[in-house]
Every structure is written in structure tokens, then in C-alpha cells.
Amino acid sequence: MARISQRTGASATAMLGLGVYRPARLVTNDEICEVLDSNDEWIQTRSGIRTRRFAGEDESLLDMATHAARAALEVSGIGAEQISTVILATSTHAQHTPAAAPIVADRLGSRAAAFDVSAGCAGFCHALSVASDLVRGGNAGYALVIGVEKLSTFMDPTDRGTAFIFADGAGAVVVGPAEDAGIGPVAWGSDGSQSHVITQQPTCQHNSAEHPMVVQMEGTAVFRWAPFAMADVARESIEGAGLTIDDLDAFVPHQANLRITETLARNLKLPEGIAIARDVQDSGNTSAASVPLAIEAMVRQGQAKAGDTALLIAFGAGLSFASQVVTLPPVAGL
Ligand SMILES: CC(C)(COP(=O)(O)OP(=O)(O)OC[C@H]1O[C@@H](n2cnc3c(N)ncnc32)[C@H](O)[C@@H]1OP(=O)(O)O)[C@@H](O)C(=O)NCCC(=O)NCCS
């Protein structure tokens, strides 16, 4: 039998830099309620959301991903030609084929291996873990991870269960070798018995032929599941990193809904003084983009800084979930 060689890579990895893209157009609850049978007070009370951003015609999913990726590369000091793998997490790229990642890689001037990850709102944390293991395993020198969504084109604006929640944006990080480990072991899994809870369905009359699917969600089922099941997953990732909850500086959960974040934080019994990401209030739920966008918002607003230890956890359609403890990276433009 021929003896096959295997690679070994970096002994430790970290996020080297983070970039984001927030679409220009700010959308208030009042604007949402021009079409949706709801009101600002109900939306803020039930979800915490005050505003969100919707991409314009000139801000495609590929454009947003490319902007965020360029910013991440620049702040990391890594050239596109040094990237061996591009992993793009999304549920709103309009086609299964071709995937978005190779197109974004090409726009960046890269011929890296490039593929999309479909893990709903948990996509970024899945992709981050895969990227870290690729670098540790030696199959990638540097990897680029992108979470991007254009959910505004995948929504029925009259659906009371989704129209006020979802939004658009992109975030990206470069993962590479590091002296000290900055990405802890992942705690992840799925519960496909609940796959019906968040789905994409053929369109209603409000969407054009260009966007034939809309998101549908059993919001109450998500609410019953996430704040409780995810507390155990978060504890597993803290333990996997060899830390305790007292070692954390920041908590960055997927920005699903402020009530889910607050309930999860309470269930985790986070010590006082830990900064909690609440970007959902300004940005809505941007699914696979929400974790990097929330990190950027926390650093920009001075609630956290590069070098802080943060617990990430993301969860959503699948139902899929992933969590890891990380060291926050430098953020582009700050
Ligand atoms: C979507 C969500 C806000 C709905 O809140 P809820 O408390 O479960 O609401 P319900 O569907 O039980 O409806 C409660 C009441 O509000 C009304 N209502 C529902 N949607 C409404 C809306 N958009 N505006 C105004 N009223 C609304 C209902 O008609 C109902 O009225 P009633 O009590 O008179 O019958 C909530 O379930 C939620 O946040 N779930 C998690 C969703 C999420 O974040 N998903 C992210 C996936 S990653």
C-alpha cells in the first residue's frame, strides 16, 4: 500500500482582522409598517429592533461580500494572493450554482479554493471553525471567511412573522497562524427534526421573478428553543477553550432578536461587566452576517476592543448552531 503524506499546519490560529459592509439605506420601523400590519412599539418591544439596513439595487450580495472582504484583508495586512481558501456563509445568494465564493475570490484577484456554506444564521461560526481547522491542518495558509446576506429580497414585506426582523449586510475575517490561540474549539450541532421551523418557500406576489423565494419562520418555536438549548452549547465552548465564564470580556450571540439575547445571557448567568452585543437594535437580524457586524459595532462603540476574549454563538435554520470562544481581531476603519 502506498504511504500517503498528510500536512500539518499552524499550531495556533486567530482572526487577524475584520471588515464589514453596512448598506447605505437605513430603514425605520415606521417605513416597514407602511406595508406591514404592525407598529414601531410592537416591533421594539418584541424584538428590540429600531432600525435595519436594506441594500439598494447597486449593492448586490457579491458587492457587499467583496467590500467586507477587502476591508478584512487590508486591516489584516494580508494580500488576496496569500489567501488559500475563501469560505462564504449565506442563505441568500440567488443561485446554488455558481456559488458566490469563487466570484468574490475572483473580484479580489484570488484563485483560492472557494465555496459557500449553508448553515442559516449559524453560517459564520461554522465557516470560522472550518477555516481555523484548515490553517491548523496545513491545507490553508490564510483563509478568508465571509458572512453575507441580502434578506430584504427574500422576504414577504406583509409577513408579520419575518418582515420586521431580517436585514442586509456583510462581515469578513482573515484567519491565519498566530502565536497564541485566538479561536477556541467549536461546540456545534444540529436538530434537523426542527428543520421546518425556518425555511425558504416559493414566493408570494410581492417578490419579483428575480427573487423567487421568501423566508418563513415559526418564531415562537425559535424562541422556545434558542435561549435554553444554546446556553448548554455556549457552556460547552467555554469549557472546550479551557476557560470559565469569568474569563470572558464580551458575549456576541447571533443577533436574532434582543429578547433571545437577553434571555440567553440570563440563562448563562453572565457576570456583570461582560459587554453584550445588541447590534440587532440598529441592524436587525442579518443572519450569517450578524456576528461579525455585531463585533464591529461593539468595537466601534467602545464596548469591546481588539484582544478581548469573546464568546460567539450562532443558531438558526437547520436548526444548526455553532459556538466558539475567540480573541477579538483588529477592526477595519477603527
Ligand atoms: C416573531 C416574534 C417576535 C413573534 O412574537 P410572539 O410573541 O411569538 O408573537 P405571536 O406570534 O405569539 O403573536 C402574539 C400577538 O402579537 C400579534 N402579532 C404577531 N406578529 C405581529 C406583528 N408583526 N405586529 C403586530 N402584532 C403582531 C399576534 O397577532 C398576536 O396577537 P393576539 O395575542 O391578539 O392573538 C417572536 O416569536 C420571536 O421573536 N421569535 C424569534 C424569532 C427570531 O428571532 N428568529 C431568528 C431566527 S435566527
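Cβ from N, Cα, C; glycine included.
Annotation source TrEMBL lists domain 'Beta-ketoacyl-[acyl-carrier-protein] synthase III N-terminal' at 115-192. Break the domain 'Beta-ketoacyl-[acyl-carrier-protein] synthase III N-terminal' (115-192) down by DSSP state and the numbers are 23 helix, 28 strand, 27 coil.
Taken from TrEMBL, the feature active site applies to C121 (among others). Within 10 Å of the C-beta of C121 (active site) there are 32 other C-beta atoms, taking all protein chains into account.
Among the features that TrEMBL reports, domain 'Beta-ketoacyl-[acyl-carrier-protein] synthase III C-terminal' is placed at 239-327.
Annotated active site per TrEMBL: H254 (among others), in sequence order. When secondary structure is read from DSSP and collapsed to three states, H254 (active site) falls in the coil class. For H254 (active site), the same-chain residues 6+ apart in sequence whose C-beta sits under 8 angstroms from its C-beta are C121, A122, N285, S290, V291, I313, A314, F315, G316.
Residues or ranges marked as region 'ACP-binding' by TrEMBL: 255-259.
According to TrEMBL, the active site annotation covers N285 (among others). In the three-state DSSP classification, N285 (active site) falls within a strand.
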